[in-house]
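Undergrad: One structure coming up, written as structure tokens, with questions to follow.
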Amino acid sequence: MEAYMSSIGSKLQMLSTSDHASVVSMNLFVALLCACIVIGHLLEETRWMNESITALIIGVGTGIVILLISGGKSSRLLVFSEDLFFIYLLPPIIFNAGFQVKKKQFFRNFMTIILFGAVGTLICCAIISIGAMQIFEKMDIGPLDIGDYLAIGAIFAATDSVCTLQVLSQDDTPLLYSLVFGEGVVNDATSVVLFNAIQSFDLTNINAVIAWEFVRNFLYLFLTSTMLGVLTGLVSAYIIKKLYFGRHSTDREVALMILMAYLSYMLAELFYLSGILTVFFCGIVMSHYTWHNVTESSRVTTKHAFATLSFVAEIFIFLYVGMDALDIEKWRFVSDSPGTSVAVSSILLGLVMVGRAAFVFPLSFVSNLSKKSPHEKIGFRQQFIIWWAGLMRGAVSMALAYNKFTSAGHTNLRANAIMITSTITVVLFSTVVFGLMTKPLISILLPHPKYQSRSLSFSSDPATPKSFTVPLLGEGQDSLDDLGGRDIPRPSSLRALLTTPTHTVHYYWRKFDNAFMRPMFGGRGFVPFVPGSPTERNPPQNQWH
């Protein structure tokens, strides 16, 4: 009995020590997050630095310090986990991006964004996979099969939409922001869907049937994920509009919006869909309908709550990646042949640049064919910035690499270790170098960004929750409503047909939205009826403008 109690006591003591170590680690990590925010604020005025790069550099510096203190045993406070990244950190970032995005600009360029994000990602993935297969087979890096090479293509085709948020301005360069960030979100979703599809298919014997199943599965996941996000957003709008939570507590409105947003992502993961696409479109729908159905105080609260959660998650990710980059376990496998690791990283970086160029410039040409006005076309300088800004690789690439080339966070094979360390090298190099140079590059190539963006972006669009009058595709009181009083000319030729759909689609969408969607789901013009508020004392005469 004494021995039994003694063993229990020792186990409890070990557990207590482990818990204390976790508390110490979390304290240090939170302190580092605070340091990142303070230093990022102090560097805010510089055109070279941003919070992402600051957090990455602080993470690497902290990793070096921990490595020295631990005598070369460890460099991190926390273990990088793709589950932590995909389930807790990525959803608030992507949702807030959809919630704050300028929808008029996004949907005007929707076909170009889909062209870059879906078709472009497939082209980039194919080029990286084929290039890696041809080159790595001649190098002594270990056994890799066709599934590994295709996975490498999907991993390095994933751009870093998080860092894009930091280096591009939605106000100064709305067209570039819309294209690069919109493409980044679709690209990340496409890469993850592509990666999962590669993992689930037997690619050792590819034939027409397997190829068709692959394409069908990809399209199914893409469309179903989008529809799930839209449906979840509409359900949240309907519930809040019908139940008027604000009459009792604005806390319930805010809590329900946050939970429904997260629910959309988790439902997508539950049904093996793309959570990135789902939560992004849920954010767009919520900003158009749900956000207008809550009280004014809840609007202010939700806007800042979503932005704050997104901001902290972004800093957390880059700090996390920076510290994990120096994990000694992975580098020990490649320490005997550092030249091979450098060569693999350089080759992958070169393939990323070639793969991106292979679709940005040709697909921009295709997109420009449907543009009538020269001001609507994507010029060569804009194409170059789109190519450059999309070269950054980030946490999505790292999470996919860990998923493919590690087992429970550990690397046991030399080939896998080389791929992990090469991914880390490419992420660090591309984020710091390409991220640092993007803002100066824009100022050089587009010396008057605000003027350029106005001429290229059809007009600035305040249609986000940053404004308290938010139409889906409108400007101010919605320039599209002006179309209601005049007819849109019918296209007289194929070229005219290609250049007019944006107007007709917007026009018919507005009519459908006013006639069916807003009466059911609320949105701009709906005023929540809160007892004791100015709304109750002066009820609006016309809730539907």
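Just so it is clear, glycine is given a Cβ too, placed from its N, Cα and C backbone atoms.
Pasting the feature list from TrEMBL:
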DOMAIN    32-442  domain 'Cation/H+ exchanger transmembrane'
TRANSMEM  20-43  transmembrane segment
TRANSMEM  55-72  transmembrane segment
TRANSMEM  84-101  transmembrane segment
TRANSMEM  113-136  transmembrane segment
TRANSMEM  218-240  transmembrane segment
TRANSMEM  274-292  transmembrane segment
TRANSMEM  304-323  transmembrane segment
TRANSMEM  343-363  transmembrane segment
TRANSMEM  384-403  transmembrane segment
TRANSMEM  415-437  transmembrane segment
Undergrad: Do any residues, 6 or more residues outside the transmembrane segment (384-403), come within under 8 Å Cβ-to-Cβ of it, and if so which ones?
TA: 80-82, 85-86, 89-90, 116, 151, 154-156, 158-164, 167-168, 176, 179-180, 183-184, 187-188, 191-192, 195, 317-318, 320-321, 324, 352-353, 356-357, 360-361, 364, 378, 409, 419-420, 423-424, 426-427, 430-431, 434-435, 437-438, 441-442, 445-446
Undergrad: Any residues 6+ beyond the ends of the transmembrane segment (415-437) with a Cβ under 8 Å from its own?
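TA: Beyond its ends, the transmembrane segment (415-437) has Cβ neighbours at 48-50, 52-53, 56-57, 60, 141-144, 152, 155-156, 160, 163, 166-167, 318, 321-322, 324-325, 330-334, 340-342, 344-345, 348-349, 352, 388-389, 391-395, 397-398, 401-402, 404-406.
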Undergrad: Which listed stretch (20-43, 84-101, 218-240) has the most C-beta pairs under 8 A with the transmembrane segment (55-72)?
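TA: The listed stretch sharing the most Cβ pairs with the transmembrane segment (55-72) is 20-43.
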Undergrad: What stretch in 84-101, 113-136, 218-240, 343-363 has the biggest tally of Cβ pairs under 8 Å against the transmembrane segment (304-323)?
TA: 84-101
Undergrad: Excluding the flanking five residues on each side, which residues at least 6 beyond the ends of the transmembrane segment (218-240) place their CB within less than 8 Å of a CB in that stretch?
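TA: Counting only partners 6 or more residues beyond its ends, the transmembrane segment (218-240) has Cβ contacts under 8 Å with 118, 189-190, 193-194, 196-197, 253, 256-257, 260-261, 263-264, 267-268, 271-286, 289-290, 293-294, 520-523.
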Undergrad: Please determine whether the transmembrane segment (84-101) and the transmembrane segment (343-363) are in contact (criterion: at least three Cβ-Cβ distances under 8 Å, sequence separation 6 or more).
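TA: As far as Cβ distances go (cut-off 8 Å, pairs 6 or more apart), the transmembrane segment (84-101) and the transmembrane segment (343-363) do not touch.
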Undergrad: Given a Cβ distance threshold of under 8 angstroms, which distant residues of the chain, six or more beyond its ends, lie next to the transmembrane segment (343-363)?
TA: 112, 115-116, 119-120, 123-125, 127-128, 131-132, 135-136, 139, 141, 152, 156-157, 383, 386-387, 390-391, 393, 418-419, 421-423, 425-426, 429-430
